[in-house]
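What follows is a single structure, written as structure tokens, with notes after it.
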Amino acid sequence: MKQFDVIVIGGGHAGSEAAAASARKGAATALITLRADAIGVMSCNPAIGGLGKGHLVREIDALDGVMGLAADRAGIQYRLLNRRKGPAVQGPRTQADRKLYRLAMQSLLAAQPNLTVVEGEVVDLVQDGPRVVGVVLKDGSKIAARSVVLTAGTFLNGLIHIGNVKRPGGRMGDAPSLPLAERLAALELGRGRLKTGTPPRLDGKTIDWSRLETQDADDEPVVFSFLNKGPQVRQIACGITHTNERTHDIVRANLGLSAMYGGHIEGVGPRYCPSIEDKIVRFADKTSHQVFLEPEGLDDDTVYPNGISTSLPAEVQEEYVRSIAGLENVRILQPGYAIEYDYFDPRGLTAGLEVKAAPGLFFAGQINGTTGYEEAAAQGLIAGLNAAANALQQDVVRFSRSDSYMGVMVDDLITRGVTEPYRMFTSRAEFRLALRADNADQRLTAKGAEIGCVGPERLRVFSEKMDRLAVARDILESARFSSRDLLESGLRISNDGARRSGFELLAFGEGAQDAVEALLPEFSALDPETKTQIATDALYAQYLHRQQGDADLLRREEEAIIPRDFDYDAMSGLSNELTAKLKRILPENLAQAGRIEGMTPAALTLILAHLRKAKRARISA
Amino acid sequence: MDTIYALASARGKAGVAVLRISGPEAHRVVEILCGSVPPPRRAALRQLVWDGRVLDEALVLVFDAGASFTGEAVAELQVHGSVAVVQAVMRALGAQAGLRLAEAGEFTRRALENGCLDLAQVEGLADLIDSETEAQRRQALRVLSGAIGQRAELWRAKLVRAAALIEATIDFADEDVPVDVTPEVLGLIAEVEADLRLERAGSAAAERIRDGFEVAIVGPPNAGKSTLLNSLAGREAAITSEIAGTTRDVIEVRMEIAGLAVTLLDTAGLRETEDKVERIGIERAIARAQAADLRVFLMGDGEVVGLSPAGDDIVVQGKSDLGGAGVSGKTGQGIAELIALIGARLSSVTQGAGVITRERHRLAVERSIGAMESALHEIENGPQRAEFAAEALRRAVRGLESLVGRVDVENLLDEIFSSFCIGK
């Protein structure tokens with residue numbers, strides 16, 4: 001029987017990142033997928049990044065992951081979102097050429113040492129007691145592994161709806177993995193049903209582009225990977241059009257035929273990604289909705305009309321699409337559809353995304369109730385690292401709410417569960433000012449080196465950057481200026497007699513960097529990238545200082561580990577309701593316990609007291 | 001690590017009240033308030049001075065880190081157990097950099113974290129916490145069922161809306177959301193801020209209603225202050241004699257006037273004196289009278305030295321039994337009128353009473369007002385400072401958590417998704 005340290009099931013965004021991470025950490029890794037040429041397929045919209053999502057991609061990249069690298073090889077329209085706001089809430093995003101992305105991902109994985117791609121369908125898991133120790137393929141062969149990462153996407157009990165027509169399936173054209181779903185049902189994990197949708201795909205040759213406004217790529221593109229400087233392929237523009245009253249009338253008249261509104265769908269869809277039916281019902285007073293026409297590739301005529309996902313019958317789709325300006329004669333290449341799929345309650349997972357009830361089994365991606373390529377990839381990274389750590393008998397790899405969006409996401413998932421497909425937003429991160437896309441490497445690359453998932457090239461680039469920043473910081477800190485010096489340089493600062501360092505001055509917002517450059521020629525002579533980075537660091541420095549207390553407290557609470565077998569029943573003084581919640585969620589540490597709804601400071605103190613007691617009892621025993 | 005403080009003894013009037021301070025700044029604060037830090041574990045008498053004012057004379061006790069109840073540097077201030085004194089010292093502590101009021105159970109929590117409780121104490125903690133949570137539950141119920149609940153609901157809704165609008169412009173910048181939410185956000189924050197300012201203004205009165213008012217009787221020696229006090233109290237609480245300067249210490253009598261709890265203070269007569277003991281009494285009289293909510297100036301033959309009537313203070317002629325208008329403790333003449341007058345003055349203060357009755361709430365409101373001010377400032381600085389505005393607003397909401405309950409990111413998202421058609 002073949003044997004690997006880690007098996008990753010699935011070659012989507014979660015699976016690719018998981019397999020690459022596990023292999024980087026040094027585990028002999030197999031990625032099992034139905035078709036090797038489908039690895040890295042973007043099944044929904046052809047774009048990577050965005051607000052919160054772009055942060056995740058940068059974090060993946062900081063840990064030497066593959067998503068940012070693949071996105072940069074495929075990026076055909078870079079746009080930095082919130083460019084006019086502060087760097088903390090700027091999110092890099094790009095349209096991605098589907099084919100280039102897929103090929104990039106496949107070549108990155110092919111070049112990854114320790115990684116073998118196996119074509120096949122996993123139909124079962126091998127268990128030794130509760131522990132998962134391998135998989136069974138459709139041909140009956142078994143592969144043994146110390147850890148198994150399952151990234152099932154929408155393939156678990158997937159059901160595709162187009163109008164009142166429904167059929168089992170994962171993505172369009174792929175068969176679902178029913179036997180595996182049955183196997184997982186036997187694990188008795190909490191499970192629910194979610195829904196997501198896609199718009200019809202259009203033939204770009206039949207769109208009247210001359211009538212449409214366009215949106216160009218940024219003049220100064222901001223790319224994803226810290227290893228890259230600029231776009232690698234030609235940049236294109238997207239078209240913009242709008243729905244109108246007639247479109248809405250058509251949709252409204254046919255609502256009953258929609259799978260969503262015809263009562264065929266039980267899964268919960270995301271509120272931030274509503275179908276055109278949803279938009280028209282919930283925001284009835286809006287007479288027009290924006291539609292982005294996104295080319296799917298440089299040499300591909302397929303266009304993804306972002307904003308009109310639907311589960312109406314194909315003929316109605318054609319009617320309403322053709323009511324939209326510029327799309328009067330459009331040909332639909334593939335109708336839009338809604339897809340329902342199973343997810344498992346992520347509160348059954350550890351912070352390493354390991355299934356509590358089945359040690360050795362890790363979940364990542366839509367199976368955990370999330371949506372989005374970036375969310376899936378970030379989980380894949382975490383699951384892959386931990387699967388490898390488990391196989392190699394190394395420490396669990398944890399991320400904190402105070403160090404990354406990845407930490408925020410995992411904590412949200414395992415502490416609170418999901419009620420709709422979970423998507424990242426910057427507002428989810430309470431340490432948002434510290435967790436920026438621009439400093440993901442400063443936050444995580446050194447940690448990644450400790451974890452053992454960062455290669456030498458990445459480390460070299462990182463330490464050179466850190467050296468440059470240290471030099472800049474030195475120059476800025478060693479010079480101090482009185483308010484009078486500053487007034488002369490044109491910086492508006494109250495004449496309070498304080499002497500400020502160059503670094504402090506950089507925090508004074510607009511015009512500050514010019515003033516500091518005028519005052520400090522030595523700083524002015526540095527490369528623009530370093531100057532911009534340190535100016536950004538300076539801008540947020542005082543806020544970080546203010547948040548440090550909160551971050552320290554969080555870290556201390558995270559260090560107070562609650563053992564899996566902690567006896568909540570033996571504690572007097574906790575309400576029954578709270579005890580029941582704690583027993584269901586089994587928080588891993590005090591910080592997680594504190595975020596359980598209804599938790600009081602007194603109850604936390606009580607838990608802490610019992611932790612201390614148990615610890616002392618163990619020491620004296 | 002913050003330094004925390006709290007009243008360690010029960011609230012209300014008592015012989016002694018103990019304030020406990022724990023954390024890295026504990027000893028420095030003692031130095032600021034007392035001028036010097038006594039040697040560890042040795043009680044020392046010190047004057048507590050803040051803002052140029054003597055707050056009280058206190059027994060001060062400090063413990064070094066590693067040799068204290070919490071395991072941190074600790075200071076204990078044993079002050080006179082008067083509500084006014086405790087409030088004054090608490091305010092002085094609250095004004096120190098790096099200090100904040102302790103959360104419920106936080107001293108115990110720190111003791112635990114530093115490994116300073118033994119097994120038996122840990123066992124006993126459950127009961128303690130049980131009672132604490134019960135008390136908290138009752139308090140929360142009280143607060144939430146009354147007027148404060150309704151107002152808090154309103155504030156909460158407005159703050160959620162304001163935060164959601166800003167977050168929408170940040171997180172859905174590439175969507176079809178209205179870009180200029182500024183006027184609505186400014187309006188919402190300004191409304192809540194104005195309400196909170198009113199609450200803060202009324203919080204002192206509300207605290208008084210709960211803890212009682214202090215009314216000091218002051219005046220020159222031998223004006224009949226002690227006789228008046230005894231008459232008001234209906235018992236011989238203070239020694240009276242014809243000898244000027246009989247009263248040396250401050251004498252307190254608790255009574256009810258116009259439905260309000262009032263502590264009457266009889267004080268030493270105010271005059272220039274060479275007598276050392278009398279001078280201490282006079283200093284004390286002045287300090288307590290200044291801290292009191294209302295002063296009744298009982299005029300006699302001599303001048304009043306060191307204190308003059310201000311604001312609502314009442315000025316009456318004493319010993320009216322000897323002729324003339326005024327009051328007389330001896331005959332009861334004018335007493336009913338004086339009581340009515342005191343009642344009226346105190347009641348007028350309570351008109352402005354807010355729903356905030358606790359020091360903890362007052363500090364929370366204070367913090368939030370500060371945060372809202374910076375939010376307003378950042379919003380006016382334009383969209384490029386949106387994340388700073390959002391951060392300030394987040395702090396404002398967090399500050400009010402004890403009043404409005406927790407505002408979660410899910411609340412913001414609910415508001416965003418119900419207001420805007422988000423999603424491409």
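Residue positions begin at 1 at the first shown residue.
The backbone N, Cα and C atoms fix where each Cβ goes, glycine too.
All annotation found in TrEMBL is predicted automatically rather than curated by experts.
As recorded in TrEMBL, the features of this protein are as follows:
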- B:212-347: domain 'TrmE-type G' (DOMAIN)
- B:Asn222, B:Ser241, B:Ile243, B:Thr246: K(+) binding site (BINDING)
- B:222-227, B:241-247, B:266-269: GTP binding site (BINDING)
- B:Ser226, B:Thr247: Mg(2+) binding site (BINDING)
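The K(+) site is defined by B:Asn222, B:Ser241, B:Ile243, B:Thr246, and by the 8 Å test on Cβ atoms against their centroid, the other residues of the chain that qualify are B:Pro221, B:Thr240, B:Glu242, B:Ala244, B:Gly245, B:Thr247. A Cα-Cα distance of 8 Å separates B:Thr246 (K(+) binding site) from B:Ala268 (GTP binding site). For the domain 'TrmE-type G' (B:212-347), the DSSP counts in helix, strand and coil order read 41 helix, 30 strand, 65 coil. For the pair formed by B:Ala268 (GTP binding site) and B:Ser226 (Mg(2+) binding site), distance between Cα atoms is given as 9 Å, rounded to the nearest Å.
The two recorded residues B:Lys225 (GTP binding site) and B:Ser241 (K(+) binding site) have their Cα atoms spaced 11 Å from each other. Looking at B:Thr247 (GTP binding site) and B:Ser226 (Mg(2+) binding site), their Cα atoms lie 8 Å from each other. Cβ contacts within 10 Å of B:Ile243 (K(+) binding site), excluding its own Cβ and spanning all protein chains shown: 8. Cα-Cα distances to B:Ser226 (Mg(2+) binding site) place B:Ser241 within 10 Å, out of the binding-site residues B:Ser241, B:Ile243, B:Ala244. Close to B:Ala244 (GTP binding site) in the fold, though at least 6 residues off in sequence, lie B:Pro221, B:Asn222, B:Gly269, B:Arg271, each with a CB less than 8 Å from its CB.
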